[in-house]
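Let me begin by presenting the structure, written as C-alpha cells, before commenting on it.
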C-alpha cells in the first residue's frame, strides 16, 4: 500500500527557502514527517538537528529496543506503511482504516498523540478517514486518538515545526530529566 | 550492549554464512556477533569474501587494514549512511573561506601543543616549554597562511620531542645518539600507534555526519581521510604519546618485542599484540567529563571532538580543542 500525494510542483520550492513565512507556507501540502511532529513535543533542539540530517538515532539503544518490540509483538501486522511523507507503524482495515503506533512508555504521551493526530490530519487531506490507536505493549495498554475538534492544534504544531526548521541554529537546549536518555545528550551538552 | 572493536592479528578467513559472520583458521571457526561489532582492524593475513563485505556494509561496519609492518593501508569504508547536506555545505564553506580555515587550523595546532605541554609537565621535563609556547602561539596568531601554521607546528613538535626524550629510558630514546639508521624502538612504537589511532578516528568520523575528506590543517586529499589527520593532532599527544611512554618506562616492552629489518626496527607479532591490547585498554578507560558530568571512555572523547567540530561548523559554539584534564 503506497500512496503518493500529487504535489503541486510550482509550490514545491517554498519549502527550501530559509525564511519561514506563515502566509506562504503551503498548508495544502504536508511535507513534514511524523517523527518531526513527535520531536517538536519532546525537544525543539532535537527536532532541529534531526531535520538537518544530524541524526543520532543510530546511537540509541532505546530506538533499537522500540524496533525490536515492534517486530516481535506485531509480527503479523501490515507494517511500516508509507503514505507520502508519513510512515505508519502498522494499519488494520475495517469500516474505517485504523492506524497503529507502537510506543515504549507513556512519558512522551503528548508527543505520541500529536504524531498520531498528524497522521490522521494527513490522511484526511488525502480523503482517507481513519482513527488512530497508540499501543503500549510494555504496559499492556492502548489509547485511541481521533482528530475531532483538534485540527487547529495540529495546524499550530505544523507551523511550529516549520518555524524551528527554518532557524539558522538550533534552539538552545533546556536541560531536563529526559536529556539523560536522549541520544543527542552529548551533542547538546558538549 | 556497547559495540566493540575487533582486532584480527592471526591469519584466517572472514566469511558469511546465512546471517552470521565467521572468522576461521586452523584453530577453528569462530562466529562473530555482527550486531556487537563497531569496527574491525586487520593485521593478520586475512581473506575476506565479498559476501562478508556485503554484510559488513549493510551493518555499517568499517574494516581497517594494516600491512606487514603494522602501518595503515586503507579501510573498507561502507557507503555513508549518515548524511547531512547542510553540514557538508558548512564543512566546505569553512574550508573555502580562508579566515575560517585558518581559524580551525590554528585551533588544531593549539590544542595539540597544549596537550604536549600537559605531557611534559606530567613527565617533569617541561623546562622552558610554556614560555616558548607563549612566543610560538603569538606567531601562530599572526600566521596568515596554512604553511606558516604548519611551520609553527613543526617547531613546537621539535621542542616537544627534545624534552620528551629526557623522560625516556636510554633504550627507548626517540632521537638515539648513535649513528644507526634513524629508525629505532620508540619511533617504531609511536608510528605503529599513530596508525592505529588514525584508523580509530576514521571509524569515529564514519559514525558522524562529517565528511572525512574535508579538512582544515591538512590539505584535503593529502591523504584520503584528512579530517582524521586534523583530529589526530589533538589525540596523538593525549593518547599515543602517553601510552608509548608508559610502555617504555614501565618496561612493558622488551627487546624481544622488536625485530630489525632492512628498513628499520619493527614490532614483532608478539610486540604488536602487547601494544594493541594496551591500546584497547587505554581507550576503554573512562574519565569524568567536566562538561557532560558523566563518565566517558577515552575513545568516546574522539567522537565528542567530532561533535564539537559539528557545532563549530553549524555556528552553535566555537570549537575548543580537548586539552587532557586527566
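A Cβ is built for glycine as well, from the same backbone N, Cα and C atoms used for every other residue.
Listed in TrEMBL:
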- B:153, B:218, B:233: Mn(2+) binding site (BINDING)
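Long-range C-beta contacts of residue B:218 (Mn(2+) binding site), restricted to its own chain and to partners at least six residues apart, with a cutoff below 8 Å, comprise B:226, B:229, B:230.
Under 8 Å, Cβ to Cβ, and six or more positions away along its own chain, residue B:153 (Mn(2+) binding site) finds B:109, B:112, B:113, B:217, B:233. Neighbouring residues of the recorded Mn(2+) site, listed in sequence order and excluding B:153, B:218, B:233, comprise B:105, B:108, B:109, B:112, B:150, B:217, B:229, B:230 (Cβ within 8 Å of the Cβ centroid).
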